[in-house]
Every structure is written in structure tokens, then in C-alpha cells.
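Notes follow the structure.
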Amino acid sequence: MLNEFPIFDYEDIQLIPNKCVIKSRAEADTSVTLGNHTFKLPVVPANMQTILDENVAEQLAKGGYFYIMHRFDEVGRIPFIKRMHDQGLIASISVGVKDYEYDFVSQLKADAPEYITIDIAHGHADSVISMIQHIKKELPDTFVIAGNVGTPEAVRELENAGADATKVGIGPGKVCITKVKTGFGTGGWQLAALRWCAKVARKPIIADGGIRTHGDIAKSIRFGASMIMIGSLFAGHIESPGKTIEVDGEQFKEYYGSASQYQKGAYKNVEGKRILLPAKGHLQDTLTEMEQDLQSAISYAGGRQVADLKHVDYVIVKNSIWNGDASH
């Protein structure tokens, strides 16, 4: 039963340091392996239209970072796979669960992507299980990520259907309003939900949503994530596809949720919103800073690599690091 577990979120947790065993933080190894490939960091930008486009995906792949291309340019997906493979880069795309997606998956046999993410808001669904089975039948060598889910039962079912990884998080993101519109989700207790799901997972979990600081990456790993999907921290860069808007002489970039009216083009079943973020510098600068902060975290853990973060102790401090200020 969930009620037997403590309920907490990122701002409620502080990790407890161990004796440092490396001479320099630069010695800490931040790389992770997912499927048959190793990546520089255990993070992946959210597969959203205001976070990445084909150019950003290419930049990430060339830099040795994991990426998942969004599914909102359906006709562009096969040319995108070719573009990446022609350069010797991995292809990682998203699909939905509508009927026509089955034919699309079958068309990929000639040039199969290395990764496919089944990307729907409520991933604990018969439709997702059917799509996992279809992809595994048609493209047995493709690594399948399925989500999003928020319970151990969902993780077990998707893994049993053939998913190679599950994506955990229902509505904790900055531009997601699922919890407000429906009353459901992991918003406000995403880290506890991750821990709950990780206890039954036999395959990797991708924690998705609710990351507000770089320290939250280390906390996600401590509670069972192999990879962390991040939206708002990756939005608003010079390379980001979101529109640049000037307000009172300041530059902002738009960032909206995948189920917002701005993405859907119509106000129907809306569970996302649009916000403006102050324009940031280059994406690579953020990736470098994340790497350095994660190296510091590994050194505080008394470790040498990412997996060492899984074994540290922690305390539940109930918002005290932000003095209850959820905006931070």
C-alpha cells in the first residue's frame, strides 16, 4: 500500500554526504548506459516542441547525449531517422497509439531507429501494451521506452509487455496542469512515486517531470531513476525552437506543455499551459554545468560514478531548503 511509504518530493529531501574518495570532482564519471549505447549524462531533454527540433536532436547526438525526438512532426519522422543514420548517429523517435501508428512502425523495418518512445499522458493503458507488443514484433532490436505511468502495477505491466524502460511521472512538470484539471497525478510527490515504482522495476526507469534544480538529478538517481527527463531547465536556450518574445526590452522564450492548446492547436482536453522563460545562453553551457554539478554530487556521495548515488542516506526535511517557497 502506498500509504505505508513516506510521501515527499524533491524539495523535501536532502542527501547525506559520505567521505570523498576522489582527488578532483573532474574524476567523477557521469556517463550512463541505456540499451546498447552509453551517454555522457543521465539526462534527456523532454520530447516537446519548445525543447527540441531536428537540429537540437542532432547537436545532442553528436555531443554524446541521449535525446528523444517529439512526435508532433509525424511525416518528418522517417526522413529524420535517415538524416541521423546517414551521419552515423543514433535515431530516437516518439510514437503515439492511434491506429495509423501501427502502419508507421511497420514501415520502419528498412531503417529501424535505435530507440522508440511510446509517448502518451496516461501510459498504463491497453493501447500502450498493444503498441509495445507490435513494436517488439516488428522491430525486435529497437529499445522501447513506454509511458507515462505513476504506479508499480503500471511499471510491471509495461515491462511484462516488452518495454525496455518505463517513464514515470504524471503531471509533475512546470507546464503540466493534469493534477489541477483532473485531480490525478504525481505532482507534489513525484520523487516518492519514483521510489515506489523503482521498488518493483526490473528494467530502467526514466523519471519525467518535476526537476527544478541540478541537485534533483542526483536525488532522482538515489530513488531509482536510470535516466531523468527534464523540460523547463532545457527550455529557453538560444537553440531552443520556442518563439522568442520581447517584453519591456527583455527577451523571453515560450515553453508549453505537450497537451496544451498551443501544441494541440485547439482548446480540447487541455492538460498543459504556456509560460515565458527568460532567454538563456547556449544549450551546451547548461549541459556542461549539469555535468559539473553531477560530478560534485558524486564526490559528495563518496563515489566515482553515477551508480554510487544510489547508496547514500537521506533525510526528509519537508520544504525547509526552500522555506516552503515552491516557486524558488
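Cβ atoms are placed via backbone N, Cα and C, with glycine included.
Among the features that Swiss-Prot reports, active site, thioimidate intermediate is placed at Cys176.
Ser220 (NADP(+) binding site) falls within a helix when secondary structure is assigned with DSSP. The Cβ neighbour count for Ser220 (NADP(+) binding site), using a 10 Å radius and every protein chain shown, is 31. Residues or ranges marked as NADP(+) binding site by Swiss-Prot: 205-228.
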